[in-house]
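Here's what TrEMBL has on this protein:
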type	residues	note
REPEAT	33-65	repeat 'ANK'
REPEAT	66-98	repeat 'ANK'
REPEAT	99-131	repeat 'ANK'
REPEAT	132-164	repeat 'ANK'
REPEAT	165-197	repeat 'ANK'
REPEAT	198-230	repeat 'ANK'
REPEAT	231-263	repeat 'ANK'
REPEAT	264-296	repeat 'ANK'
REPEAT	297-329	repeat 'ANK'
REPEAT	330-362	repeat 'ANK'
């Protein structure tokens, strides 16, 4: 049984394709998926077969059941030679598939600069967005395709176009740490303090993910260092939470407010202490963070460090004058919490710093009541209690 024209085209068998055409095969016949000989040849990058089919007037703008044309498929698969053939045959350059994606969007997404150039020369709409509001520039920026970003900017792409979440190319590049792309976008006057639906800026997202080079670039472009998202979280808070020491240093050099609290009462210091990031804690204390800062909603750093058993953090806080007997809302001191959590080393550190083992929380618990009575720590606590008696 002879192969169909579609099968021969998909296989790239140009001799068989020619033979079938000469015998009168229908070049525009479709299969169940709406695929033609041309779309199948295009998928596999068979440019010689594509040429043959176009010469006998294969329908260049035929749309498959998936909403794709030969051109959008060629762009999806990065077949530059095929794209050239299709454009010469007057393929519709801005056709969108069922996802709202054009050939230019696909080419930008995969970073195929030759394809992008061909499509731009064919007057593709540079700012055409998909159904989520994403443009070619945004995809290229997100994926770090700096050459394509340059091409699109030179073609006058809107640098501050925002998608459905109000995110821009700069925000996406910053999130991924693509410093070269960020540089190009800033040179094109991208708005450095643009915020998305959650009030997150490029600086905040770069700090969160630890991209110190990008953070530096944004600060040099005069990004607002203390801009907060809709939860009151600043770039410094996120960097401290994640333990990004280099980012923290960049933000502190830019005079970030070190004791600013978010909507839940957390500061950069309390978050760093809670997560056990001792180097960040040291950076913040050295920059003047208040060791005993207690907000309306948040506990002090020492209590959080004791709860987590972070002895290096506890030591740093004590050296910077943290009040050893400060209480939380439940009336517990750092020593009570360390005892409850079984952090013996931290408890001893607090005892040596003068913590009062007699202090009880609102539930009537003291450090001694929370440790096994026959333990070494219990013995040490009893000795301290005895010495403290008048």
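Cβ atoms here come from the backbone N, Cα and C positions, even for glycine.
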Would you report the average pLDDT that the model assigns to the repeat 'ANK' (165-197)?
99
Residue numbers, six or more beyond the limits of the repeat 'ANK' (165-197), whose CB comes under 8 Å of its CB atoms:
135, 137-138, 140-146, 149-150, 153, 159, 203, 205-206, 209-211, 213-214, 217-218, 221-224, 227, 229
Determine how many residues of the repeat 'ANK' (66-98) DSSP places in helix, in strand and in coil.
17 helix, 0 strand, 16 coil
